[in-house]
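S.K.: Following this message is one structure expressed as structure tokens.
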Amino acid sequence: MSSLGHVPTRVKSKRTEVRLGAERDHFDKQQLSSISKAINSTEIPVKEKHARRIILGTHREKGAFTFWSYALGFTFPSSSILCWKFCHVLHKILRDGHRNVLQDCTRHYSSMVEIGEIWGNLHDRYGQLVTLYSKLLCTKLKFHTKHGDIPANLEITDEELERAAGTDINNVFQLSVEVFDYMDAELRLAETVLRQLNSSLAMTTLTSSQCRLAPLIQVIQDCSHLYHFAVKLLFKLHACLPADTLQGHRDRFHDQFHKLKNFFNRAKEMIYFKRLIQIPKLPESPPNFLHAASLAKHVKPVVVIPNEDEPEMQDDDDDEPEPLIEVDNVTTSSVTTSSVQAQPQQVDIFDQTFGPPNGGFDDRDLQIETLKRELELLRAELERVKAEAQRYITQLKSQINSLEAELEEQRAQKQRALVENEQLRMELEATRRRNTEHESLQTTFIEAEKRAQATEQRYNKLKEKHTELVSSHAELLRKSADTVKMLSVTQQTQEEVERTKQQLTFEMDRIKQESDMKMEEQRFEVERVKRELEEKMAEVTRIKATLQSSEKTSEQINSSMTALQTEKERLMRSVSEKEAELSSLRQTAQLQQSSLQQERDKTSRELGELQGKLKEKTSQEEKMKQKLLEEQFALLQGTITEAETIIQDAIAKLDDPLHIRCTSSPDYLISRAEAALGSIDKVKKGHADYLRNMSDAGTLLRSLTQFSHLTADTIVNGSATAHMAPTDHADKLTENCRSCGTQSLLFLGEMKSKATLQKADPATIRIIIQKILHLGQELRPKGLDVRQEELGDLVDKEMAATSAAIEEAVRRIDEMMSQARKDTTGVKLEVNERILFSCTDLMKAIRMLVIASTDLQKEIVEGGRGAATIREFYAKNSRWTEGLISAAKAVGWGATEMVESADKVVLHTGKYEELIVCSHEIAASTAQLVAASKVKADRHSKKLTKLQHASRHVNEMAANVVASTKTGQEHLEDKDTMDFSGLSLIKLKKEEMESQVKVLELESMLDNERLRLGELRKKHYEIAGVPLDQLAEGNGETSSLVNPVTMSPKPLKPSLMKKPPLAQKPNIPPKNQFAYSFK
């Protein structure tokens, strides 16, 4: 029975697909016809029926995909009238189309902007209108995309407007500004259209004038709602903010009010609008927002569109009736009924051939199909509700997170206020103790009393601030509770949806049970009829016996027999009918069973055939895979054989007498060795890939080919380099080249055999090539590590590295600041914050100095290189370039060291003196950078002045770091009061002698350290490339090279060592002055 029921279902599904395809083609054809007739270059207004069909099409397909797919095919730059009518139709679709139209139009936002820009640059009357209309539509899209609660037709109630505005007065303020911008765009378009009509003295009855005036109907509809929104929002703002703050809003509203009233009055006078729209009347004067009672006098303007049919003739191809479109949410049963009544009943092919099953259509099937459709709709509704609930949950969670962040911030502020309060209390107690100790000094007492009063006032202010924080904290808690309530309501809604789903499932189960019960009742009825028949037969037998024994009452028995015979005949007929039904049921069951058996046999046969084909296909694939593996391995062996030949040829050249005259440079050997190391990595990767998938050896083949050539090249060039190298290096280099070739052949031999393929490893070859690379670097001439041609690139790299080091230092200081706030409190936290803030300011000043130096350097290069390139300029002035590089390296190193020292100071594992010395070093390095940049700069250059100002700012910030460090050190160090009252004369003398001994020891250590510092500076100059006799020249000027000089935190003694000449550091004050400025 099930197979017979499935045949018409398949036929119906195919017929349904054909019918749906035909309907879709008809829909696309109708939409294309309407769009092409509505949007064209003819100067006539858009017909309402064409626009209505396009709008109905958006409701049918739940969006504007078809409209945009056809609209993008128009050539908008060709006709301004075409663009004007396109904007008009799009405005109507946004207002009256499906709600998903807004999303589809937002995707093409850039196309609308492009249309406006194209016609904005052309002097065309319609082009100006198109530009304004495109701006209006873009403003409309942005407004409704941002405020999704407000539909595109602006038709919402006052309660919905309140919910959209929210309770935050900042959001209300912003929404009012956006409404004003929206209104301005509408009014600019209307004023431009009316101005063009006045200038051309056009009549509104002409089609050319009506083409311009038609979009103003939508403008009037939008303006009426926007005017109402503006009034409501301004009254709400005046209820929460002072009147002076909203003066600009009132002025802007008054201006728009007069423009809108003028526009409405002029539109009322035009004949074109009288039959199409009923324009509302605005009050004589704008509302008085300073009086809240004026809100009751406000009347919402309502625009009325008369429901009159257009007296238009239908076109030749528009004679077909419009299909019914499901615009509103109607019930499924009504839609099903209307579709059944609208379409004529079609005769099923199966019914024509075999006749209807069971003599007619079963009502239960119709009920089941109806319930299934209702279930699908309910499921879709359930999914929509779930999605909506999930969106609400997400919004609420984000709101909760923001509130929790605000709460955490308030808690942090409260904690800081408590810390400051505690500090103030400690200061107050200290002040009171000092007042008690110095009661004799009246002046000191008066000053302490004033400080106590000021502290008390600060305490009261902090107490008031604490009260405000507590109240704001309570308000946030209340908002959080409201949010939790909203979340619980959403959860209850979701639970109700789940309960509805369970009820629907239970209803389906109950319907199935009722269907089974009806079948059981029919079977029971047949059994009951059989039992009644048996009872009647027994009764007839009993009556016959009674007839034979009771012949006296024959007349009564004859009459009874007649009645019984009649009843018997009736019962026999009913039995025959039931037996006929049973036989038909048996025949149906036998047919169903036979068809099922046939289907089962056919399925088993097909399954056997498919299994045979699958086995055959599997065996073929296995053979092909095996063949492929063999072919890939054969290719691998051929490649390895060729690679062995190449390497053997390279090894043979090591002993070839003809190769003795061949030479090579260490630089080229280094480049070949580095390339060979890279090829080893590729071989290793290709080997691993081949072991994972032996059916693809392409990567391994390519890497082996490259490896063999580069390794052979390394061996040959290593031998050629050894011909010009010293004996020891030449022997080592030749031996390593020979070992490299031998190990390469061993590795290739392992790769050639399947047994040793997996354990083949080129690590030994890598080690030998690294030795060759090291020998090549040793043979490389000293001083050629950086060629003159690369100096220019090195300058840019060092300046960029310096900037990166400063950025990294600032980032690490911020991290240390956050960690210090977590780990320390009180005075330590204050000292650490002060030091880290000063370090951050110093890094920012250094960054500005580096930027100024880079700008000045570019100016110097551009002004001095002439027709030469930048690299040639740097190569020509190599000493100056090396000075720049050295200075940039010193600045970057100093920034890194300062961060390390600051980290140690904050963690109490370092010394404050290290931070002070780092400050001096950074100041010296930046001074060196300034001097190096100033050597070749123009004296009147503005960028040089900017660089000098940045240098002075760096000195100030460095002094600030030193001062902050010393102040923090004084606050944290415990200074014991020196009390010698309990010592005798002898003990005092002994203590004095011990103190003198310690002073002498410290002076001796100081002298030794100064000597060591002098030797270090001498070595520094030697490494930097400055001859010692140049250091002894005093103040001689050297302009070609600026040497790196390290500044000491204190001046050197003249008797120990002479300081570096100041000519090497232009515009740097002596160290005693610099140290004095830091104090």
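Including glycine, each Cβ sits where the backbone N, Cα and C put it.
Curation does not apply to TrEMBL; its annotations are automatic.
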S.K.: Select from 95-131, 354-390, 983-1019 the stretch of residues annotated by TrEMBL as coiled coil.
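M.R.: In TrEMBL, the coiled coil feature sits at 983-1019.
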S.K.: Could you check which of 298-331, 468-501, 1046-1079 is flagged in TrEMBL as region 'Disordered'?
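M.R.: It is 1046-1079 that TrEMBL describes as region 'Disordered'.
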S.K.: Which residue counts does DSSP yield for the compositional bias 'Low complexity' (582-597) in the helix, strand and coil classes, in that order?
M.R.: 16 helix, 0 strand, 0 coil
S.K.: Sort the residues of the compositional bias 'Basic and acidic residues' (566-581) into helix, strand and coil with DSSP and give the three counts.
M.R.: 16 helix, 0 strand, 0 coil
